[in-house]
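Taken from Swiss-Prot, the feature Fe(3+) binding site covers H78, H80, H247, D322, and the record attributes it to sequence analysis. The annotation Zn(2+) binding site is assigned in Swiss-Prot to H78, H80, H247, D322. The 4-imidazolone-5-propanoate binding site annotation in Swiss-Prot covers R87, Y150, H183, E250, S327 and is backed by sequence analysis. The N-formimidoyl-L-glutamate binding site annotation in Swiss-Prot covers Y150, N324, G326 and rests on sequence analysis.
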Amino acid sequence: MLDTLLINIGQLLTMDQEDGLLRREAMNTLPVIENGAVGIENGVITFVGTAEEAKGLQAREVIDCGGKMVSPGLVDPHTHLVFGGSRENEIALKLQGVPYLEILEQGGGILATVNATKQASKEELVQKAKFHLDRMLSFGVTTVEAKSGYGLDDETEWKQLEATAQLQKEHPVDIVSTFLGAHAVPKEYKGRSKEFLQWMLDLLPEMKEKQLAEFVDIFCETGVFSVEESKEFLLKAKELGFDVKIHADEIDPLGGAEAAAEIGAASADHLVGASDKGIEMLANSNTVATLLPGTTFYLNKESFARGRKMIDEGVAVALATDFNPGSCPTENIQLIMSIAMLKLKMTPEEVWNAVTVNSSYAINRGDVAGKIRVGRKADLVLWDAYNYAYVPYHYGVSHVNTVWKNGNIAYTRGEQSWSTATI
């Protein structure tokens, strides 16, 4: 007997087409079962099909979804989840046209977050991150990547990673940990970036032994770390058994996309300034292009990543919030879906695949997350929507009704749902 049977699902978005990364037309294809049903037993999906095919199945709990849509839990593959403080005091300065470097000189910018993170205890960081994780869950996210990077020293980086490890044990959302010690060059290492990178590399053996990070990341950008420094750093991390990511070409076409493809990074992230050659190399690689349009939007920039071109050229594109206190303070992955549709010229189908299938591969979870398939864990979202296009179309709010994590209800809107409303 099943534990739970979901029936009367108007659109069941299984996302279950070919295995592996989705490109080109596959990104624009959504496997949908009309009038679907899903069976769950011991936290695992044991039945996927039509309501007609589900007749005769017995379950301890039968949930009538009222003709609404069900999808896999969403995957957010790029966040800076664990940090201290906030930076709302900088908004007025930015609106007045104060340059970022001047804000830095006043102790603001990333330095403000670094200082606040250093001052916070591990438990304070954990409790703050739980608040943000709860919000992510309420937007339908069941798997998330979380980076360190607000320490720029060994003690605080360890603290962030240990906070992430505690969150992995205490919160229902699955968390994939990334070490981003090479987020910036500290003032005391100005002009000595290679020495700083060596310091960060020296932390990796113990980090691997304690299993505090699965990925290593670096910020490859003008004035931070060069392409050659980034490649050398990440290749050494790979030699130690880590998978790697790269903050690439966020501002300038520096060659970060090319470097990511060349070294076999799991993902290259941002890519606003990626060159034509970089896009071509990504298309011919297994590196996911994780685009972060919410950051471009919040920074009030005119030029967004060329998502349409990337998909047309054959790049496997994912979307993420880039949740962080400075350049994208939002946990709302649904808002990112809307911005991607409007500013990256992605179709609703491409957007959905970019927050499920491809985003799961960006963090090496393609075999466990992002699809509704028999044998996979029951990470599911019931939406207050009757078709998939409605979610990115009606922007700025959450359309989530209920989230199941490993077959258990982890979030529900409860009586506030407009279940009887007509769209």
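A Cβ is built for glycine as well, from the same backbone N, Cα and C atoms used for every other residue.
A quick note: this is a predicted structure, and the numbers were derived from the prediction, not measured.
Just tell me what is around each of these and how deep it sits.
Within the same chain, residues at least 6 positions away in sequence whose Cβ sits under 8 Å from that of H80 (Fe(3+) binding site) are A146, K147, G149, Y150, L180, D322, F323, N324, P325.
The Cβ of D322 (Fe(3+) binding site) has 29 neighbouring Cβ atoms from other residues within 10 Å, across all protein chains displayed.
For the recorded site, Y150 (4-imidazolone-5-propanoate binding site), the DSSP three-state label reads coil.
Reduced to three states, the DSSP call for G326 (N-formimidoyl-L-glutamate binding site) is coil. Packing around G326 (N-formimidoyl-L-glutamate binding site) is summarised by its Cβ count: 22 other Cβ atoms lie within 10 angstroms of its Cβ, all protein chains included.
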Which residues of the same chain, at least 6 positions away in sequence, have a Cβ lying under 8 Å from the Cβ of E250 (4-imidazolone-5-propanoate binding site)?
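Those within reach of E250 (4-imidazolone-5-propanoate binding site), by Cβ under 8 Å and sequence separation of 6 or more, are E221, H270, L271, V272, G273, T295.
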I'd like to confirm something. Which of the binding-site residues, H78, H247, G326, has a Cα closest to the Cα of R87 (4-imidazolone-5-propanoate binding site)?
G326
Cα-Cα, whole number of Å: H183 (4-imidazolone-5-propanoate binding site) versus H247 (Fe(3+) binding site)?
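The separation of the Cα atoms works out to 9 Å.
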Since the record lists N324, S327 as binding-site residues, which of them has the fewest other Cβ atoms within 10 Å of its Cβ?
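With the binding-site residues N324, S327, fewest surrounding Cβ atoms within 10 Å: S327.
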